[in-house]
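Copied over from Swiss-Prot, here are the features:
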- 1-17: compositional bias 'Pro residues' (COMPBIAS)
- 223: N-linked glycosylation site (CARBOHYD)
- 295: phosphothreonine (MOD_RES)
- 1-51: region 'Disordered' (REGION)
- 3-47: region 'Required for generation of inwardly rectifying CRAC currents' (REGION)
- 39-59: region 'AKAP5 association region' (REGION)
- 205-225: region 'Disordered' (REGION)
- 106: site 'Confers selective permeability to Ca(2+) ions' (SITE)
- 1-87: topological domain 'Cytoplasmic' (TOPO_DOM)
- 106-119: topological domain 'Extracellular' (TOPO_DOM)
- 141-173: topological domain 'Cytoplasmic' (TOPO_DOM)
- 195-234: topological domain 'Extracellular' (TOPO_DOM)
- 256-301: topological domain 'Cytoplasmic' (TOPO_DOM)
- 88-105: transmembrane segment (TRANSMEM)
- 120-140: transmembrane segment (TRANSMEM)
- 174-194: transmembrane segment (TRANSMEM)
- 235-255: transmembrane segment (TRANSMEM)
């Protein structure tokens with residue numbers, strides 16, 4: 001006897017899915033596509049294997065490259081600063097020395113007035129020293145500036161080594177100090193002395209007619225003794241009163257500016273020393289990398 005074949009499934013009755021069958025496999029495939037199939041708390045994939053000596057060598061090369069670029073940038077910054085100082089010194093010195101020479105030549109001395117000997121000596125000495133200081137600063141600027149200009153116009157980073165600004169640093173600072181500090185103080189003193197020389201002979205009082213003949217000596221002495229301060233003396237005293245506070249303000253500002261500049265340079269030096277210390281530490285680690293062998297990727301721990 002042959003067994004009876006099984007009846008075909010009816011279309012009216014839906015086929016039930018097997019327990020844990022295709023539904024489970026489909027959910028697994030969907031989780032695998034979305035990336036959520038991994039259990040929570042799984043460690044991330046390990047980084048690429050980089051040995052500690054290789055990492056130190058890479059850091060060393062980066063620091064060396066940055067150090068070289070920073071040194072070139074520092075040299076170019078010093079070159080541009082030196083050029084700016086020389087240009088400012090040359091312009092200031094030419095202007096102030098020319099004014100002092102014109103003032104000394106164009107001043108009209110009254111032959112009938114008895115000038116104090118100290119006033120004339122101070123005016124002559126101040127004018128001479130003022131012109132000498134500014135001409136010295138102008139000479140330094142004229143001699144050094146063309147060499148710096150020739151290097152700064154070359155579009156090459158290594159051409160900064162051909163500039164004499166590093167070797168002539170003291171001369172550049174001296175010219176800048178003579179032109180902007182000492183020369184300006186002497187110019188303020190020159191203005192005060194020029195006011196005294198120019199206005200001191202004026203003795204005519206307001207509302208009085210100009211005398212047609214020279215009065216006798218006794219009358220002139222009596223007039224001077226009874227009149228008090230003349231208009232010329234008042235003008236000279238007024239100019240001195242105005243100029244002295246400005247001179248003190250100029251000195252205070254110069255000292256404050258110098259202290260601020262020195263403080264800024266000191267901070268920059270400390271920063272460069274810290275960078276050099278970091279560079280020395282990396283160099284020491286690179287030199288002794290064979291003394292402490294480490295496994296790959298251990299520096300990431």
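Backbone N, Cα and C atoms are what each Cβ position is placed from, and that goes for glycine too.
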Under DSSP, is residue 106 (site 'Confers selective permeability to Ca(2+) ions') helix, strand or coil? helix
State the residues, same chain only, that lie 6 or more residues beyond the ends of the topological domain 'Cytoplasmic' (141-173) and have a CB under 8 A from a CB inside it; answer 'none' if no residue qualifies. 72, 75-76, 78-80, 82-83, 85-87, 89-90, 93, 179
By a Cβ-Cβ criterion of under 8 Å, what residues six or more beyond either terminus of the topological domain 'Extracellular' (106-119) are in contact with it? 193-194, 196-198, 200-201, 214
Counted with DSSP (H/G/I as helix, E/B as strand, rest coil), the topological domain 'Cytoplasmic' (141-173) has 23 helix, 0 strand, 10 coil
